[in-house]
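*Asks:* Please read through the structure below; I'll follow up with questions.
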Amino acid sequence: MNYFPVFADLNNRPVLVVGGGTIAARKVNLLLKANAEVRITAQKLNAELTALVEQDRIIWIAKEFHGEQIRNVFLVVAATDDEQLNEQVFQVAESRQKLVNVVDDQARCSFIFPSIIDRSPIQVAVSSGGAAPVLARLLREKLEALLPQHLGVMADISGKWRHKVKQQLKTITERRRFWESLFNGRFSRLLKNRQIEAAKKELELQLTKDYQGGSVSLVGAGPGDAGLLTLKGLQEIQQADVVLYDALVSAEILDLVRRDAELIFVGKRAQGRQVAQQETNQLLADLALQGKRVVRLKGGDPFVFGRGGEELEVLAQQGIPFSVVPGITAAIGATAYAGIPLTHRDYAQSAVFVTGHRKADASDIEWQTLARSNQTLVIYMGTLKAATIAQSLQQYGRAASTPVAVISQGTQETQHTQIGTLKNLAELAEKAPTPALIVVGEVVSLHEKLAWFGEDKFAQKRPHFTLDSLRIERVA
């Protein structure tokens, strides 16, 4: 290795920065995060550094550099656009065996600044040794996204308990297993949810040998495209012991689940295999009570026609910790991939989401509200009742010529979008593969212009709506 990675304690140690511009300010801010005593030499300071001097956070010691300024400092940074001055700083520092960094000049660096992921006291440094700074930055961005924000507080709390854990658990193996279980279990989840005091109590309980504490995370998988799964959702499924998934979760997303996790199908469809909701609710509770990290993985968003609230009510009644990771609901994802904006200043000032699959004792639908003009109506699970939906909307004032779309398998490679009018909605729905979403409203007329996803956009001739009259024409 060309550089030996070292973490330096700069707390109250003097560091000299030569330069007063933007690059110098960037280095100064990094050094201040480490509580260094920053001394500045520069002809003039930019506004940011001037403010730091006025706040007594840094010391402006001189306008001109001379060798004596290096005598009692721990590190030296040269951050000017004057090559001759940078060379002078480097030579003086080298002659006095001081570690020096000349910014953007690898040949004149006895130490370099890595890209930093800061979850203090947890820190990760990434460096290419100056060979590929952009690559190091890209790696840092990926790690930044993958490492949860609560790592720092987790390390802080754990550090304060190390002595007590060592007293109670006598062997290294016992302590290792304890910490691994703690960091991968309910303790971590509570910290993730910002429940600090509850997490401390959990740690104390974990020291009781017969204690087992599981938890449940309700995760929205999004509409199908694995790229639309959130980073937090990805973290959850890669830490799970058990994943209960439904029929709307794509195979691509299931491939991202931790390899040794148990996968349990609990899906339901309007027609086909069914798993009773009560059975799913109880299974979630039972698995958590066994001390397992359970993920309930749902298509779309768990709180949008996903019955997520019903499942969490059961967990709450039994005192089982849970968390929720929202997902992109189908109405958002599928319409975006179909080039249909849900709102548009000229055509729709509101959007309404409804389900076509309701409880048997559900109250009557307010068709008059749903049939309003200047709004977009999105119907989940409505293809089997498309004829009734079309008839009712027309009965309450929606024109038969109102544009409609039936989007099947939204955001996936197999996505298929059919365009028509309210008059022939039932016919479109009958041909639509499931799962499918119905969109009703003038915004559908923008599909032909804004569609961007899927090769069939260019391979097929679709009905075209003129934006003023909404009269159906055929593309010549």
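Using N, Cα and C of the backbone, Cβ positions are placed for all residues, glycine too.
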*Asks:* Can you match one of Gly185, Gly267, Gly410 to the S-adenosyl-L-methionine site that Swiss-Prot gives for Pro223, Gly299, Gly300, Asp301, Val304, Thr329, Ala330, Met381?
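*Replies:* My reading of Swiss-Prot gives Gly410 as the candidate in that site.
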*Asks:* Taking 8 Å from the centroid of the Cβ atoms of Thr22, Ile23, Gln43, Lys44 as the cut-off, which other residues in that chain fall inside it around the NAD(+) site?
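*Replies:* Filtered neighbour residues, in order: Gly19, Gly20, Gly21, Ala24, Ala25, Ala42, Leu45, Asn46, Leu49, Ala79, Thr80.
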*Asks:* State the count of C-beta atoms found within 10 angstroms of the C-beta of Ile23 (NAD(+) binding site), not counting that atom itself.
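*Replies:* Ile23 (NAD(+) binding site): 16 neighbouring Cβ atoms within 10 Å.
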*Asks:* Here are some binding-site residues: Val304, Ala330. Which one has the most Cβ atoms within 10 Å of its Cβ?
*Replies:* Ala330
*Asks:* For Gly410 (S-adenosyl-L-methionine binding site), which residues of its chain lie six or more apart in sequence with Cβ-Cβ distance below 8 Å?
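*Replies:* In sequence order, the residues whose Cβ lies under 8 Å from that of Gly410 (S-adenosyl-L-methionine binding site) (at least 6 apart) are Pro223, Gly224, Ala330, Gly333, Ala334, Thr335, Tyr337, Ala338, Pro435, Leu437.
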*Asks:* Could you give the Cα-Cα distance between Ile23 (NAD(+) binding site) and Ser128 (phosphoserine), in whole Å?
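*Replies:* Spelling it out, the Cα of Ile23 (NAD(+) binding site) and the Cα of Ser128 (phosphoserine) are 20 Å apart.
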*Asks:* Measure from the Cα of Ser128 (phosphoserine) to the Cα of every one of the recorded positions Thr22, Gln43, Lys44, Asp246, Lys268, then give the nearest.
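*Replies:* Nearest listed residue in space: Thr22.
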*Asks:* For a quick check of packing: other C-beta atoms within 10 Å of the C-beta of Pro223 (S-adenosyl-L-methionine binding site), how many?
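*Replies:* Around the Cβ of Pro223 (S-adenosyl-L-methionine binding site), 30 other Cβ atoms lie within 10 Å.
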